[in-house]
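Structure, as structure tokens:
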Amino acid sequence: MTERQVEDMRLDTTRTIRAPHGTDLRAKSWLTEAPLRMLMNNLDPDVAEHPHSLVVYGGIGRAARNWECFDKIVEVLERLEDDQTLLVQSGKPVGVFPTHKNAPRVLIANSNLVPHWANWEHFNELDKEGLMMYGQMTAGSWIYIGSQGIVQGTYETFVSVAKKHFDGKANGRWILTGGLGGMGGAQPLAGTMAGFSMIAVECDESRIDYRLRTGYVDKKATSLDEALAIIYESEEPVSVGLLANAADVFPELVERNITPDVVTDQTSAHDPLNGYLPIGWSMEHAADMRKQDEAAVVKAAKESMAIQVKAMLELQERGAATLDYGNNIRQMALEEGVDNAFDFPGFVPAYIRPLFCEGIGPFRWAALSGDPEDIYKTDQKVKELIPDNPHLHNWLDMARERIQFQGLPARICWVGLKDRERLGQAFNEMVKNGELKAPVVIGRDHLDSGSVASPNRETEGMMDGSDAVSDWPLLNALLNTAGGATWVSLHHGGGVGMGFSQHSGMVICCDGSDDASERIARVLHNDPGTGVMRHADAGYDIAKQCAAEQGLDLPMLNEELKKLK
């Protein structure tokens, strides 16, 4: 198959996909209707970045390999029985096999390559031939819920930045960042929620306009002076989408001796071919060059990243709280000769790891009914079951007020071991007794405490030096499969790119049945439990204490855990 044929199979501008709403099923049960709706939801034009080419977010993160594969996945899910499992290989449905009613209905593997060949060059060759696709994290695992999926995690990070550097007082301070794509687009809203103003540099005007429409960014500027004037003149936290190239703006601030309070970046730097615009290039020129000379694009992009990272390092020297937000831009700069690129920390070791030690991470759910009231009712249930967490209650109140739903109504909140299972059981009971109009699905980002190995992001600087050990996400996926998650995924690359991470995901359907209750008890205990296990094994005292309190059975640590109870 030629590269042109592969591209043609991936592009269809005539199609608009939206998930069905209501209680009428296209599939044979809710256990297969759930993945069907969430797959379609990933390609809703209000959710996906480039739905006509099956791209959900994160550069080239796709929901299916091509439209033929998408249609076949839908066809199979509509006929799949409750004792069968569909296997999906990099967005292509490759087999249906007999299993049992408590097995996952779908098992997904995306973008996985043998380590020696796990690089962008080899992946891109396979991708051109139509043999693979990039699954990102929640694109190819069908649990993307729009930018809300990362808002709370970003909010928690910015709150932690304020506590660590500014005595918890963010008002009057501002953040400089880059990127307003699927993940980066969460930054302006998260920043203002945390009390900061923000300038977010974005080279694609359509992304700024989209964030304006959906309420994620407050203002648009076309010059740095205009953006600075907006944040300096505002008495309240305000966010500005600046139409420019981050690799131009960051050094300009250095030259003008203007130092932000906080500096980070969420451009798609993990993918230098498709995700980062070189200095001096237009969007159109970059698109043409990707077809003519991929090596030149990568070279120019990485050289520009090096310039941006040098500016970030200088701003750090001048007092800015500078952090890497997990897009691997430091690694790209290091490869271009910026030897001190890792002098500013990643956000996980600097701000998030204590939460991971308790299995706390991005717990999310979506209402398959399509009715926002189902989410509002579950919001209230969360408050009832976790009454002593005002920070969480404040988040839920802000989310309802300020976050627009994209596609099927959904919510995210960071909770951990014990609370995830309690909430899952409560949601299942609400479906059973008719409080909710239809089932809900519960999933999470692959960026979670026990589901990822990523030495430049989630597992950077582990206490025992086990940053690159990827047994942990493999065990997480195996355990979620054994526990009966509705679908389970195992991916490579994610937000840091080929060769730099492995990660797993799970989704479980709360259909109100007793069988679902049993599956929830296993999956929503085991899944965060693996995160506590992983961090306890690495030597973190917080994780050991949590393991002891929650009664985890960790054979090599049990004697030590007994003393902590």
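Cβ from N, Cα, C; glycine included.
Features of the protein shown, as given by TrEMBL:
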type	residues	note
ACT_SITE	CYS413	active site
BINDING	58-59, GLN136, 182-184, GLU202, ARG207, 245-246, 266-270, 276-277, TYR325, GLY495	NAD(+) binding site
DOMAIN	17-143	domain 'Urocanase N-terminal'
DOMAIN	146-351	domain 'Urocanase Rossmann-like'
DOMAIN	354-548	domain 'Urocanase C-terminal'
### Query
Among the recorded positions listed here, ALA246, CYS413, whose Cβ has the fewest other Cβ atoms inside 10 Å?
CYS413
#### Entry: Listed in sequence order, residues with CB under 8 A of GLY182 (NAD(+) binding site) and six or more positions away
GLU49, VAL56, TYR57, GLY58, GLY61, TYR144, GLY146, SER147
### Summary
CYS413 (active site), DSSP three-state class -> strand
### Task
In whole Å, note down how far the CA of the residue listed as 'active site' lies from the CA of TYR276 (NAD(+) binding site).
30
### Query
So which one is it: of the binding-site residues GLY58, GLY495, which has the fewest other Cβ atoms within 10 Å?
GLY58
### Query
Who sits close to SER268 (NAD(+) binding site): which same-chain residues at least 6 apart have their Cβ under 8 Å from its Cβ?
GLY58, GLY59, GLY179, GLY181, GLY184, ASN274, GLY275, TYR276, ASN327
### Task
Check the domain 'Urocanase Rossmann-like' (146-351) for me and report the mean pLDDT.
96
### Query
Roughly how many Å separate the Cα of ALA246 (NAD(+) binding site) from that of the residue listed as 'active site', to the nearest whole number?
30
### Message
Please list the DSSP helix, strand and coil residue counts for the domain 'Urocanase N-terminal' (17-143).
### Response
41 helix, 25 strand, 61 coil
